[in-house]
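Trainee: Mind having a look at this structure? Questions to follow.
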Amino acid sequence: MKELVERIKNDGRVLGEGVLKVDSFITHQVDPELMEAMGNRFAEVFAEAGITKVITIEASGIAPALYAAQKLGVPMIFARKAKSLTMDEELLTASVYSFTKQVTSQISISRKFLSDADKVLIIDDFLANGQAAKGLVELCQQAGAKVEGIGIVIEKSFQDGRQLLEDMGLNVVSLARIASLSEGTVTFLEEDA
């Protein structure tokens, strides 16, 4: 997606071999117009898939997931990383390792929001080792829901996340694919959408 690639070139910062900082428009401060454009793009790509729910993990995946859900006319669910006092019903849970934060979290979704009748589009801000998306897939599997696709805002193609997900038979669509983050420079591959 050209607008996203340009924004990464202009405002993204490489912090190390595997870390890209995009806090001025995605992960801390959010650019609503860019989020809407990304959500709309995901909705266009998956328009014929019969999506009934869009799922993400809190926090940075929420904005593009919400815009995609709005465009598709379906609910959006975000998996929580910490159990809330208000989440006292039966939960779907999975363990997820975060490459950026270097911690493992338990993610959860209330079972009442996801069923075997659902066709799911998973959206996340980054794809590195694939563990976040894999955790969301596990939640869907626990509910019997079918994952129709995975939409990724920024893919670190030099890591093995895409391969992990494709080996699971999943359709992965990334708006920006990064070949490398070496020497402080972002090098891109051709994006999927």
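Heads up, the Cβ atoms here are built off N, Cα and C, so glycines get one too.
Dumping what Swiss-Prot says about this protein:
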type	residues	note
BINDING	L20, T27, K156	xanthine binding site
BINDING	A128, N129, G130, Q131, A132	5-phospho-alpha-D-ribose 1-diphosphate binding site
Trainee: For L20, A128, A132, listed as binding-site residues, tell me which one has the smallest number of other Cβ atoms within 10 Å.
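Mentor: Counting other Cβ atoms within 10 Å of each of the binding-site residues L20, A128, A132 gives the minimum at L20.
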Trainee: Whole-number Å distance between the CA of Q131 (5-phospho-alpha-D-ribose 1-diphosphate binding site) and the CA of K156 (xanthine binding site)?
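Mentor: Cα to Cα, Q131 (5-phospho-alpha-D-ribose 1-diphosphate binding site) and K156 (xanthine binding site) are separated by 13 Å.
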Trainee: Would you mind listing, in sequence order, the residues at least six apart from N129 (5-phospho-alpha-D-ribose 1-diphosphate binding site) in the same chain with a Cβ closer than 8 Å to its Cβ?
Mentor: Y97, F99, Q159, D160, G161, L164
Trainee: Any idea what the Cα distance is from A132 (5-phospho-alpha-D-ribose 1-diphosphate binding site) over to T27 (xanthine binding site), rounded to a whole Å?
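Mentor: Between the alpha carbons of A132 (5-phospho-alpha-D-ribose 1-diphosphate binding site) and T27 (xanthine binding site) there are 15 Å.
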Trainee: Where does Q131 (5-phospho-alpha-D-ribose 1-diphosphate binding site) sit in DSSP terms: helix, strand, or coil?
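Mentor: Reduced to three states, the DSSP call for Q131 (5-phospho-alpha-D-ribose 1-diphosphate binding site) is helix.
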Trainee: Enumerate the residues of the same chain, L20, T27, K156 excluded, that satisfy the criterion Cβ within 8 A of the mean position of the Cβ atoms of the recorded xanthine site; list them in sequence order.
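Mentor: For the xanthine site the neighbour list reads G12, V19, K21, V22, T100, D125, F126, A128, I154, I178.
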Trainee: Report the nearest neighbour of G130 (5-phospho-alpha-D-ribose 1-diphosphate binding site) in space among the binding-site residues L20, T27, K156, comparing Cα positions.
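Mentor: Its closest listed neighbour, by Cα, is K156.
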Trainee: Taking the Cβ of T27 (xanthine binding site) as reference, which residues of that chain separated by at least 6 in sequence fall under 8 Å from it?
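Mentor: Listed in sequence order: K21, S60, D125.
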Trainee: Just name the most isolated of the binding-site residues G130, Q131, K156, going by other Cβ atoms within 10 Å of its Cβ.
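Mentor: Among the binding-site residues G130, Q131, K156, the lowest count of other Cβ atoms within 10 Å belongs to Q131.
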Trainee: Given A128 (5-phospho-alpha-D-ribose 1-diphosphate binding site) and K156 (xanthine binding site), what distance in Å do their CA atoms have, once rounded to a whole number?
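Mentor: Cα to Cα, A128 (5-phospho-alpha-D-ribose 1-diphosphate binding site) and K156 (xanthine binding site) are separated by 5 Å.
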Trainee: Is T27 (xanthine binding site) helix, strand or coil when read with DSSP?
Mentor: coil
